[in-house]
């Protein structure tokens, strides 16, 4: 705040004398401002504010005051604040310059002028605007599906920032309002992802921060395909599941767990698993079970590896020859002599 400094005791009589000449008893600190009302000056935090005051003649005695006291009396600076100085572009100007304005500088400032005829005052109200700044936001959170979630986003600024929440999905659904809290009741897996908090006012660009919401849910088999195989060749069964955390996979046959050994190979990545038979034999045909599990649940799917029988070449030739003869007989019917009795 632009304040004042106590004068040296030795100089106190001289200072008091100056003030008595400059600020006569009963001087009103009100908005008569040379026939004008109070001026409002709006400045953004960190910028420089210039409070204008122009006198009628060089002999006028001038002072700047605010709610804290005297800032300048004539050319004598009473304020300790190094940001404050006089600005005189010409002989009749007695403006006040405040550098790096902050919120505590906001308020009423009075330019008091003592002329040869009567005292006058010019009052200026300094308004300090502050860009929006998010001061507190929820940390990333992990919850189970069906839980209630509350996200918090608090911001400072002048004017008061408007808070907007948005779920960062392809649809980009926004939750409009001046609410610092976003409540999600019975959250679903589709509502997981990043949530963006935006604090905005008219001073500058918005301040934006994000919160990541992870929703845990039990596994669900999304794809499982049976497969046909040929004896002596390689064949695979594949199983896919959706879950958070990512599921662990196991393979079974006839209630016996299968491991990667004896010509069988299991490969599992996040969300999918495969069982590969490197050299199919008759004993490999049959039913298999894919099991997907995480800390919230377990599910399974049944798959079948079945035989693919190839047709032999002679059989196909016989069919073709038969069809050829049959068609020929239709085109050229045989002539048969009647039986003699």
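Cβ coordinates are placed from backbone N, Cα and C, and glycine is handled just like the others.
What Swiss-Prot says about this one:
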type	residues	note
DISULFID	53-111	disulfide bond
DISULFID	153-197	disulfide bond
DISULFID	239-290	disulfide bond
DOMAIN	29-122	domain 'Ig-like 1'
DOMAIN	132-214	domain 'Ig-like 2'
DOMAIN	219-304	domain 'Ig-like 3'
CARBOHYD	40	N-linked glycosylation site
CARBOHYD	66	N-linked glycosylation site
CARBOHYD	136	N-linked glycosylation site
CARBOHYD	148	N-linked glycosylation site
CARBOHYD	279	N-linked glycosylation site
CARBOHYD	287	N-linked glycosylation site
CARBOHYD	300	N-linked glycosylation site
MOD_RES	94	phosphotyrosine
SIGNAL	1-28	signal peptide
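Sequence features, as recorded in Swiss-Prot, placed on the structure.
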{"residue": "40", "record": "N-linked glycosylation site", "contacts (Cβ under 8 Å, 6+ apart)": "124, 125, 127"}
{"residue": "53", "record": "disulfide bond", "contacts (Cβ under 8 Å, 6+ apart)": "62, 64, 93, 94, 95, 96, 111, 113, 122"}
{"residue": "136", "record": "N-linked glycosylation site", "contacts (Cβ under 8 Å, 6+ apart)": "152, 153, 154"}
{"residue": "148", "record": "N-linked glycosylation site", "contacts (Cβ under 8 Å, 6+ apart)": "183, 184, 185, 186, 187"}
{"residue": "239", "record": "disulfide bond", "contacts (Cβ under 8 Å, 6+ apart)": "221, 223, 224, 249, 272, 273, 274, 275, 290, 292, 301, 303"}
{"residue": "279", "record": "N-linked glycosylation site", "contacts (Cβ under 8 Å, 6+ apart)": "232, 233, 234, 263"}
{"residue": "287", "record": "N-linked glycosylation site", "contacts (Cβ under 8 Å, 6+ apart)": "253, 254, 302, 303, 304"}
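Here the C-alpha separation of residue 197 (disulfide bond) and residue 300 (N-linked glycosylation site) works out to 40 Å. Residue 111 (disulfide bond) carries a strand DSSP state (E or B).
Remark: secondary structure over the domain 'Ig-like 3' (219-304) totals 3 helix, 58 strand, 25 coil, with classes taken from DSSP. For residue 300 (N-linked glycosylation site) paired with residue 66 (N-linked glycosylation site), the C-alpha to C-alpha distance reads 78 Å.
Across all of the domain 'Ig-like 3' (219-304), the predicted model scores a mean pLDDT of 95. In the structure shown, the C-beta of 66 has more C-beta neighbours within 10 angstroms than that of any other entry among the glycosylation sites 66, 300. Across the domain 'Ig-like 2' (132-214), DSSP helix (H, G, I), strand (E, B) and coil residues number 3 helix, 48 strand, 32 coil. Other Cβ atoms within 10 Å of the Cβ of the residue listed as 'phosphotyrosine', summed over all protein chains shown, number 23.
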